Structure formats: C-alpha cells, structure tokens
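Everything below concerns the one structure shown next.
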Ligand SMILES: Nc1ncnc2c1ncn2[C@@H]1O[C@H](COP(=O)(O)OP(=O)(O)O)[C@@H](O)[C@H]1O
Ligand SMILES: [Mg+2]
C-alpha cells in the first residue's frame with residue numbers, strides 16, 4: 001500500500017503512547033550503547049598496554065649472563081658468565097630458525113653519570129654497541145643521515161647514531177648534528193644519523209630518545225671489551241615461536257659457556273613473546289567479558305522490547321479487531337507492527353551507536369588534551385562489530401514485532417473486538 | 001443481498017457445548033431495514049457477527065450479494081468486509097488516538113484510496129452526519145451521540161452494500177438514541193440495506209421488519225410500519 005500512509009500510521013501509534021515508545025526504545029539504546037562503550041574501553045586498555053610494551057619485534061627474547069649456581073667441570077659456583085661474539089655465529093649456525101642474533105654492549109645509562117660531552121654541553125646517555133640488524137628488531141625513525149652499516153662494523157668507524165633526546169641536550173636549536181662530533185668517555189665520535197624514538201615505544205620512549213648507537217666492533221675496541229658481548233637480542237623467523245626455541249638456545253649457550261646443563265640461573269632471559277602473549281591473552285579475556293556483558297545487556301534490551309510490544313499489542317487487541325472489521329488484512333496488521341518495532345529498534349540502536357561513538361570521541365579528545373595516559377590509548381570499536389550488532393538489532397526487531405503481530409492476527413476478529 | 005440457510009453455531013467452553021444458533025433460515029433484500037430482536041443471550045450478536053464475517057458458522061450456507069461466504073482466507077475476508085460491510089458497534093469502537101476525520105478515513109485507507117481523496121470523502125461523510133466542524137477532534141472530546149455519528153460516517157465511508165449495527169443505541173439516552181435512529185433511517189431512505197440488533201421495542205419499530213430470535217431459532221419474522229424517529233422524538237418531547 002502507500003508507504004507514506006503507513007509511516008503516518010506508525011508515527012500516530014508512537015505518539016499515542018509516547019512514554020511506552022520511549023521505554024521500548026531506551027532498552028535497545030542502552031544495550032547497544034553499553035556494548036559499544038565496553039568494547040571501546042577494552043580496546044583502549046589493550047592499545048594502551050601494547051603501547052607501553054613498545055614496538056620491539058614481538059617474536060624476540062633477550063639473554064644475558066649471570067652468576068652460575070652450580071660448580072661444573074672443575075669451575076666453581078658463583079662464577080660470572082661472560083658471552084662472547086662467537087656465540088652469535090654458533091647460535092645462528094645451529095638454529096637456522098633464528099632471524100637475528102644481535103650481540104649488544106652497553107655503557108653508562110640514561111639517568112647515570114655524565115658520560116658524553118660536546119663543547120660546553122654534557123649529558124648522561126645510554127651508549128649501545130650494535131650491529132646493523134638491530135634496527136630491524138627495534139624499529140626507529142631515522143630523521144637524518146643513516147643507521148649503522150657493515151662498513152662501520154668492518155672498519156670500526158667512530159660514527160654514532162643519536163636519539164632526539166641526545167640532539168636536544170647537546171645541540172642548539174637549528175644546529176645540524178650530522179657530521180659534527182661528540183665525545184663519549186673522552187673519545188671523539190662523528191654523528192652519522194639521528195632518529196626519533198617512535199612515540200609508540202610507550203614507557204621506554206624517553207630512554208630510547210636518550211640513546212647513542214655505536215657500531216659494535218668500534219664499541220668493543222674503544223671501550224676495551226675484547227670480544228665480550230653484554231647481552232643478545234634474538235628474534236626468530238615468522239612462523240617459529242621464540243618461546244619454543246628458547247630451551248634450545250639456552251642449552252647451546254650453556255654448552256658454549258661451560259655451564260652445568262641443569263643450571264637454570266646462570267643465564268638470564270626475558271621472553272618478550274611470552275610476556276606479550278600473557279598480556280594479550282588477558283586482554284582477549286577482557287574483550288570476551290566485554291562482548292559477553294554488552295551482549296547480555298543488549299539481549300535484555302531485546303527481551304524488554306518484545307515484552308513491551310506484547311503488552312502493547314494486547315492493549316491494542318481491540319483496536320486491531322476494529323481495524324480488521326474495517327478491512328485490514330492480517331499482513332497489513334502484521335506488517336505495520338513489524339515496521340513499528342523495526343523502526344523503533346533501528347532508530348534507538350543507531351542512536352545508541354552514535355552515542356557510543358560520541359563517548360569514544362570524547363575519550364579520544366580528553367586523551368589528546370591531557371597527553372598520553374598510562375595503560376590506555378586510542379579507544380575504538382571495530383566497525384565489523386558494529387555492523388554485526390546492527391544486524392542482530394534488525395533481526396531482533398523483526399522478531400520483536402512478529403511475535404505479537406502473529407498473536408494479534410491469529411484470533412477471530414470478533415474475539416479481538418471483545419477484548420477490552 | 002443476504003441468503004442464510006440452516007445456520008448453526010455452538011460455543012465450546014471447556015467440556016460444555018452451547019448451541020446458540022440451531023438452524024437459522026433468513027434472507028434480506030437490497031434496501032431493507034431489518035431489526036433482530038430477542039432477549040439477552042439469545043444469540044443476536046452471534047448471528048450478526050457471522051453475517052459480518054467477524055465470526056464463522058459451524059454449519060449452513062451464507063451468500064452475501066451472491067457470493068458464498070465459507071472458508072474464506074483472512075485476506076479475502078478482509079476485502080469483503082471492507083467492500084460489502086459497514087459496522088456500527090454499541091461501544092462505538094473508534095480509535096482513540098485518531099481524529100474523527102482519520103477514523104472515518106480508515107476504511108478508505110485499507111481500500112487503498114489516496115490520502116487527498118480519502119480526506120475529501122471522509123469529510124463528505126462527516127458532513128452527512130452533521131459533524132464537519134468536529135473533524136479534527138479526538139473521540140474523547142466528543143459526546144456519546146457524536147461518537148456514534150462518527151462511527152456511522154466511518155461505516156458509510158467505504159460505501160458498503162450492508163450496514164450492520166449491534167445495539168447502536170445501547171449506550172445512548174433516549175433523545176440521542178432517536179437522533180441516531182433518525183440518521184440511520186435517512187441512510188436507509190437513500191437505499192442502503194441495514195441490519196440492526198436491538199432489544200428495545202421502540203428502536204425495533206423504527207425499522208421496517210422485525211425478526212425475533214428465541215432459543216436459537218427465528219420464532220417470528222414480520223414486516224412492520226416504520227415509526228419515524230423524528231416523530232417519535234416530537235411525541236416524547238410533548239409528553240414531558
Ligand atoms: N466466545 C464465546 N464463547 C462462549 N460463549 C459465548 C461466546 N460468545 C457468546 N457466547 C454465549 O452465547 C450466547 C449468545 O450470546 P450473544 O450472541 O452475545 O447474545 P445476545 O447478543 O443476544 O445477547 C450467550 O449465552 C453467550 O454467553
Ligand atoms: Mg449482544
């Protein structure tokens with residue numbers, strides 16, 4: 001029949017009992033609003049924690065030497081374990097699943113004693129001896145010049161790559177650091193590159209910004225480290241889990257360093273993948289809870305709408321009897337009730353989604369005003385989830401209408417008319 | 001116009017069966033004005049509802065304007081109700097959130113008539129019952145007599161073959177009753193077939209034929225001289 005007339009009929013029905021219309025709509029609105037906000041909050045938490053985790057390659061581990069806890073092959077207990085450069089080659093040789101085995105050396109530290117000078121300026125920075133691969137493990141944004149390369153390594157060049165924190169401490173605004181010299185522990189190095197620590201490095205960002213990268217070979221020579229390695233940053237190829245390789249790596253290293261195979265304490269390690277997995281696992285649970293709770297609230301909104309529609313159709317049974325006496329066909333009646341409930345669910349659902357989006361926008365706005373907040377960043381909702389929620393809304397809208405509509409048209413008109 | 005043969009109807013209430021109509025034979029020609037009388041519970045409403053296709057008979061045949069009314073699906077029944085029948089109820093049965101005009105226009109809506117034309121026709125019928133100034137009023141702003149007039153206008157709106165009225169004056173005082181009857185008589189004068197259920201003698205005598213129901217059967221069916229409602233009213237006024 002005429003679409004516009006049907007709409008006029010529906011608006012009349014909504015206006016006939018505005019309070020009930022509002023109540024019905026509010027159940028759905030609230031359900032989807034809570035769902036969207038809950039999901040945005042869990043995503044925000046997850047994003048925040050992942051951000052604090054930094055953007056170091058996930059499938060990685062760090063490994064360093066500690067003291068032995070057992071005597072072995074005549075060597076005493078409590079001996080300090082010192083990694084050597086050759087260990088890297090052995091590891092890569094025995095475990096081809098490893099993508100990078102980066103030997104690292106470190107000197108001083110951010111917040112430590114002043115160790116770097118340029119003219120009158122001084123500062124305390126982390127000085128790190130590294131191989132060129134390291135930038136693949138720890139992404140950084142090279143803003144000028146370049147990162148360490150193999151010519152630097154082979155020729156033991158005295159070149160450094162410095163973070164933006166180092167630049168701002170040692171150089172004046174507008175000065176170009178590239179090609180200029182800085183002194184580390186009294187030794188002159190030329191600046192060959194600068195980098196911006198990615199903002200997503202989270203908690204480590206500040207330390208990152210105050211780091212100076214030196215070619216590993218130069219580092220060992222200048223600071224008299226021989227072929228010692230401070231620690232290893234190891235990344236496995238995609239498709240192999242570093243956590244599964246870890247026992248083998250430790251086994252090889254114990255053999256290399258003459259450590260009792262059962263000495264668990266001699267070598268320290270941090271499995272980034274496992275730690276990351278634990279955190280993301282926690283957030284998977286949190287997300288599930290978000291879905292579950294939000295879904296339940298949405299479902300109760302739906303039960304509410306069906307209930308209210310059932311009551312309202314019951315109250316309108318007499319009216320439906322009158323309409324049928326005047327020539328309304330069952331499908332006309334059903335169609336109208338279904339359209340009523342669909343309109344109500346879709347409008348209130350959309351409003352709920354819009355309000356949820358508004359809250360997300362407000363959260364993001366507040367974050368952008370206040371600056372980064374610990375453990376919370378970029379709350380958002382997957383558009384796919386919103387679409388699914390909308391489809392659920394539409395389906396439940398149809399059934400919310402269909403149930404009372406079928407009930408209303410199944411009885412004889414005379415019985416409908418007798419209902420008061 | 002209406003042909004009824006051996007019509008039976010029983011109600012099932014739990015284990016009991018109440019045989020309300022026990023073989024009704026009845027016919028109405030075009031333009032007639034018939035009242036159905038009987039004591040309360042004699043089955044008058046049941047009978048009228050079956051005629052109006054709001055209820056179904058258990059047995060018997062029913063032809064309305066030559067068409068067999070039997071086992072119709074709801075869609076066809078709805079169409080027939082819309083085209084052939086106009087209903088007037090004791091309790092008016094107006095839709096309370098619709099204006100008088102929209103109530104009258106409702107059968108036309110179900111007929112698929114366009115809005116402008118609907119409004120025009122509905123207005124015409126409201127004028128006919130003398131309520132054109134009340135078009136935009138809601139039912140609760142109208143008196144009982146006015147409500148019934150709106151209901152009559154609504155029943156006429158789709159220009160049905162037969163008007164069916166179940167105690168149309170049952171909820172009205174005598175004076176208003178007579179006014180409503182005057183209107184119904186006028187409609188009949190214009191040729192519309194009217195069936196009216198009442199248990200009041202004076203109302204029945206304002207029709208042209210009285211059918212008496214008792215124990216589920218027609219015990220009397222006779223032509224009467226029609227008492228004009230306007231005269232009856234004048235007489236009643238003179239008495240006071
Ligand atoms: N839906 C129903 N179920 C059971 N009994 C009914 C039903 N409708 C009417 N009756 C019974 O049928 C009889 C006739 O009712 P009705 O046709 O309304 O009588 P009237 O209109 O003459 O007063 C009454 O005894 C009434 O109680
Ligand atoms: Mg009755």
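Glycine too: its Cβ is placed from the backbone N, Cα and C atoms.
Marked as domain 'MacB-like periplasmic core' by TrEMBL: A:21-249.
Residues or ranges marked as domain 'ABC3 transporter permease C-terminal' by TrEMBL: A:292-413.
Residues or ranges marked as transmembrane segment by TrEMBL: A:21-41 (among others).
Residues or ranges marked as transmembrane segment in TrEMBL: A:288-313 (among others).
According to TrEMBL, the feature transmembrane segment maps to A:342-363 (among others).
The annotation transmembrane segment is assigned in TrEMBL to A:383-403 (among others).
Under DSSP, the residues of the domain 'ABC3 transporter permease C-terminal' (A:292-413) split into helix, strand and coil as follows: 103 helix, 2 strand, 17 coil. Summarising model confidence by region, the domain 'ABC3 transporter permease C-terminal' (A:292-413) averages a pLDDT of 84. Same-chain residues lying 6 or more positions outside the transmembrane segment (A:342-363) and placing a CB less than 8 Å from one of its CB atoms are 10, 14, 21, 24-33, 35-37, 40, 44, 305, 379-381, 386, 389-390, 393-394, 396-398, 400-401.
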